[in-house]
């Protein structure tokens, strides 16, 4: 009831601003809102659905292994294609959480069977990845489902990471991170524009956003966890070429929103920001996680904020235990960075308090 009143108030407000040229269908708006509310479920339920689908996939693959049904490579591909098709059809025809869980299981099983079958037929990894990317894009375009779209985004980015591993072009992980950093920043900063664009289905915004975020964190792990890729100390900073400027850009946006116009204060903020970010050049995962925190803070995205903070703490711990630097050097860098962080927090907190009093 309260939501209906809010919808009417918003419609009345927009009508006053736009005048007679504003055309709308109130009943359809209310119906769309009601449908979107029915489809919403907590992030915990979505995670449980994905975990349930994963466990069901493992159980089914175990059954195939025990029964010896994996002997027919062509049969695996055909069965996998059927499972994938059924999953997409279920998701298009039925809009219930239980069906979502079932479709996730069928979709995951289908993709695994296709990969196993094609691998057994000696099909190259590049061809398999291209096929998986096409299936994922097709899934996103047809279903508009939160969970399947989320899995599809992860599948696409997982294929790119596999290709980097498989072809030993480890340096391209920096390109991968850079593309995702720019994409994620664009998606966050253009939320209203994307949701209002008729060419972009609004239901895809949330799964694509969280999918890009998880994919970015995965990419940052490879530059934040030494030993996975053999970059050498000379090349680890490459991703910072993107993370640091983007972080400074976001800080400038936040500063404008807060309403800081004093030149001296602006110089102080940017100086503190740069001083904090410079030590992270040798660990771009830290500035990447900070970017996620700032983006989530800017649009009040609580799930992203939690993910960003957890990632930030994890990457700092990895930086602290990096054997390429002495304990003294790391301690000094982290100590100075912490002091700068606290000064920046106290300053912005004081400024926000002054604005609230005004």
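Cβ atoms are placed via backbone N, Cα and C, with glycine included.
The domain 'DUF4401' annotation in TrEMBL covers 44-349. Summarising the annotation, TrEMBL assigns transmembrane segment to 47-68, 74-90, 97-117, 123-140, 147-165, 171-189, 210-229, 235-258, 265-282, 288-315, 327-347.
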- Any chance you could find the range in 74-90, 123-140, 235-258, 265-282 with the most Cβ pairs under 8 Å to the transmembrane segment (97-117)? 74-90
- Query: Which listed stretch (123-140, 171-189, 235-258, 265-282, 288-315) has the most C-beta pairs under 8 A with the transmembrane segment (147-165)?
  - Reply: 123-140
